[in-house]
Amino acid sequence: MNASQPSRSDAVEVRDLVVRYGAATALDSVSLRVAPGEMVALVGPNGAGKSTLVNTLTGILTPASGSVVVRARIAQVPEGRQMFGDLTVDDNLRLGAWQLRGRGKSRRKQRDTSWVYELLPDLVRVRDRKAGGLSGGQQQMVAVGRALMSRPEVLVIDELSLGLAPLIVADLAEHLTELNREQGTAVVLIEQNARLALDLCSRAYVLEAGRIAAEGDSADLAASPDIARAYLGEAQGLPSPPDAQGAPGPDAPGPDDRATADPVPTPGTVKTGRGNQDTAVQAARATTREAK
Amino acid sequence: MSDFLVYLITGLGTGCGIALIGSGLVLVHRVTRVVNFAQGTFAVVGGLTAISLLDTGLPHGLAEVLGVAVAAVVGLLFGMIAIGRRGTSPQAALMVTLGLGILAYAVEVMLWGDQGRSSEGLSGAVTVFGARIQTHYLLIIGVTMAVFAAMAALFGRTDAGKALSACSSNPYAARVVGISVTRMGLIAFAVGGALGGLAGVLLAPMNSVAFDSDVALIINGFAAAVVGSMHHIGRTLAGALFLGVAEAMVAGYGSATYQTVVALGLVLALMIGQAARTHSVVAEAG
């Protein structure tokens, strides 16, 4: 495992980061790295400091000590989607490019939203609607599109699945892997739904009470009994029959490529329990609350 | 008929002054969510500065422009005090602007005394349908229309305008996409100061300007801005013009004593009617 060996080519490098809110320590000597083009998950319970870490990466919060080096353009999909509710979808997207300071022709190109609609075609229908009136899934797409408008090399997503229906989460996840594959955009995915995050990303960090409790390849983490017990549910770890993994049910758009990448833990670590054929979709269903 | 025309144009002129105050309120609120009760102060400062400069022999035009510039600087200063500290709530900032407005009384009395002053406006008059109308009113109306057209274009068409609106729509998201919310708020305060100063400079030849002239201005301007829900430029203008004309008509055909009361009563009735209509639509939809 080379997760803890930083290199100068890393897009994001965090060392011994400490962040405080007044007297409370939100992050306590956290170290983390993201290589270019990599998908990294950051999982952990509520209040572990995940959003604090994100806001420090993007410069909204300032660290008390430690270092944050960002060697790439970074954009954030904030928790709760954070629409400009009384502006249109297209205006929301254009404001994503606010920091790009082109002049004349290059400026017009920077503010051109058409490529985002190609990537997220569901947004075409609603481009002139007020963002505040959209469904949760549509808003999450706008939030992703808005972040993409700044042409990031690293996309930080704070809670992709929160409050969204499982099918919509699966669809969004599909778009993310596509984006990562085709444009080489690195993704840092912050998730309470650990199963979803470990399925999507190749490497993961587990944050607990402001400290990194575990890190490594997603497959190894998913196979670890401690992690499985704490984050993937008691029953997790039972080797699923292969057909159950590939067949999530008639209502789910086939997330086959992810499902086959599902880590199948060794039988030795298995806890007893009800049979569990989690796919990303079903995991999402179990832990998300429906919105709107 | 000619009386009516005179009252109408005078009313529109006054209404334009109210509209400029109201537009400043809307602009600042749209960016910072702060109701800036010092908006009338900017008009007083702008007006009195221009009058003093004219007294020293500065030509028309230059004196007025400098008056507006000074009001803009005061606006920026007030903005720095009211919202410069990160994390100040809009409600707290509102109280700060109220306090600054009262503090400004003292400074204004020290600089200009407590008597009202007036300046000479654009001289001359034109005769339309037998009514003599002072050219200055036409100037006020023209300038105000230009300002509102510019504001509508700013918010409706430009990215800078969208970014300004984004600051109040969702301040956190604005920071996420890299918009400096505080800087945008300060710009809004400075432009709000200029708009207030413009109102003061334009109204100075019609009414004398004293340190406490801001009260009448802010009451009317606030009423107009509320008609526009503190957000809509066009509706604020409509509300202000309605107020101005209503006041002129009441003063012309009735008594000037009641002009403000009657006009504000009409706006109140209008707003209650508006709210009732919205409510019934909501009830039907539900």
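Note that Cβ sites are derived from N, Cα and C of the backbone, with glycine treated the same way.
Computed from a predicted structure; not experimentally measured.
Annotation comment: TrEMBL describes B:6-27, B:34-53, B:65-83, B:92-113, B:133-155, B:176-203, B:215-233, B:240-272 as transmembrane segment.
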Counting Cβ pairs closer than 8 Å, which of B:65-83, B:215-233, B:240-272 has the most of them with the transmembrane segment (B:176-203)?
B:65-83
Stretch of maximal Cβ-Cβ contact with the transmembrane segment (B:133-155) [cut-off: under 8 Å; candidates B:6-27, B:34-53, B:65-83, B:215-233, B:240-272]:
B:6-27
Distant-in-sequence neighbours of the transmembrane segment (B:240-272), which means Cβ under 8 A and at least six residues beyond its ends:
3, 6-8, 10-19, 21-22, 216, 219-221, 223-224, 226-227
Folded-back contacts onto the transmembrane segment (B:34-53), same chain, C-beta under 8 angstroms, at least six residues removed:
17, 20-21, 24-25, 28, 62-64, 66-68, 70-71, 74-75, 78, 82-83, 90, 93-94, 97-98, 100-101, 104, 108, 111-112, 117-119, 185, 189, 192-201, 203-204, 209-211, 213-218, 221-222, 230
